[in-house]
Amino acid sequence: MRKLRFYNTLTRKKENFTPIDATKVRLYVCGPTIYDYAHIGNARSVIVFDVLFRLLRYVYGNEHVIYVRNITDVDDKINARAACEHPELALNDAIRQLTERTYSQFQQDTMALGCLLPTSQPRATDHLEDMRSLIERLLEKGHAYKVQNHVLFSVRSIRNHPHYGAFAKRSLDEMRAGARVDVAAYKREEMDFVLWKPSAVGEPGWASPAGIPVLGRPGWHIECSAMSMAKLLAPYGGGLTCDDPTANVFDIHGGGIDLIFPHHENEIAQSCSAFGTERMANLWMHNGFLQVEGKKMSKSLGNFITIRSILESDFFEFNGVLTDEMKQNWAGLSARFSMLQTHYREPLNWTAQRLVQSSSELYRWYELLCFEREEMEKNEALDDSVIDALSDDLNTPKALTLLRKFYKAGNAIALANGMNLFGLLRQEWVQEVECPLFMRKISLNSKFIDQRIAERLRLIHNKEWAAADTIRDELAAKGVILKDGKDPQTGERTTMWEMRRL
């Protein structure tokens, strides 16, 4: 079995990855809160963990990897946006309209980015019973308390096992200093956080846990603990009915670096306290921040970019007539290619120029694949060097450098295999002879070009200049540029060719 090494946020070092069960490799990633269209920061996380999903599937087998990415569909931001957009509707109806629209758009956007569907995408509102049960377990074990129709987690209860703040590498004093000044009077300590809260009149609410007599809704952190339990523990022998702590740990938990504190710190506190474990997951992976043109992305700065706005932008010219779907899929793959050129843990600076450059390079890769359409029918294994690069903490920049070498060497099969693992290859574009993305490539392949060059050299040798020029012009019209030279050893005329750069 191939050795994988990843940087573990939990230990702050690279570690060999050994799954708990190689036939059931389990990955959980925090997904979006669906109150608005997803932005390119969301896109980075989605793309990074899609590549990880693809790598795990390659190593352990497609059917042996379980990837769960949750959907948060109950949140104060959702309530506020729904009320603003649909003031004519009752709030629950407005929320339903908003979340269905944004959920559908998120699915379309991620598909255009070349992402595989996760194994499961649980929605918070479908797991309220799991949340209530988990909260009641925490109350039973003395890790939570009820006050004024709230349930709060008691940070003091778990200071030593595991130490609260250890994941984020923060002391309690540091966290207290960063806490809000106006701490709710009903909290025992300022660092205690909400597991469940009452709903105001007109707000969405559900039956509360532990006999609380009013309707309420869950806190953000308990949602992920409950959904990961429901999807990655309970189906595999763990969960609240299991007394074995070792059965209540899964393999990998991922998300953006901004989630380390407080969200992931609080997830760990809840889950470890409920199950008596020292770890919630063995490996924690976080992608770095994203900036736009060197600045923090912010609506106030006017540089807030949604995935949808990129998919619908015209930043690249094509020869053929494209459908809107094809344009959006091309834009999505271009954005994906652009993001993967930065290591997932490093900050990423998104620029319009970089997107165009990435799109141009990706187009040239597809040109080669279209030329070598017949060669593409051969079945060859993925080059080990690409897997080696990705196996070392998902080193996508190094792996893409290898793909560039394949392109320069004209090795279409190796290039295509690598692109496929990266989620950059749409087979239908290569297989379709008259794909409008690459209209000038019709009936062209390297063998055809070589034959035409050989014929041109024969004509030049016979001094049939006009006929030789006709072949040159014919190939130029198809985007093929000829470069004449001489063999340094024999002195004979030679001709190299390349595709015109767009």
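The backbone N, Cα and C atoms fix where each Cβ goes, glycine too.
The annotation Zn(2+) binding site is assigned in Swiss-Prot to Cys30, Cys224, His263, Glu267. Of all the Cβ atoms in the protein chains shown, 23 others lie within 10 Å of the Cβ of Cys30 (Zn(2+) binding site).
Averaged across the motif ''HIGH' region' (32-42), pLDDT for the predicted model comes to 95. The feature motif ''HIGH' region' is assigned by Swiss-Prot to 32-42.
What Swiss-Prot lists as motif ''KMSKS' region' is 296-300.
According to Swiss-Prot, the feature ATP binding site maps to Lys299. Mapped onto three states, the DSSP output places Lys299 (ATP binding site) in coil. For Lys299 (ATP binding site), no same-chain residue that is 6 or more apart in sequence has a Cβ closer than 8 Å to its Cβ.
According to its DSSP assignment, Cys30 (Zn(2+) binding site) is coil. Sequence-ordered, the extra residues of this chain that approach the Zn(2+) site, with Cβ no more than 8 Å from the Cβ center of Cys30, Cys224, His263, Glu267, are Trp220, His221, Glu223, Ser225, His253, Gly255, Leu259, His264, Asn266. The binding-site residues under consideration are Cys224, His263, Glu267. Their Cβ neighbour counts within 10 Å are lowest for His263. Within its own chain, the motif ''KMSKS' region' (296-300) has Cβ neighbours under 8 Å at 39-41, 290, 350, counting only residues six or more beyond its boundaries. DSSP assigns Cys224 (Zn(2+) binding site) to a helix.
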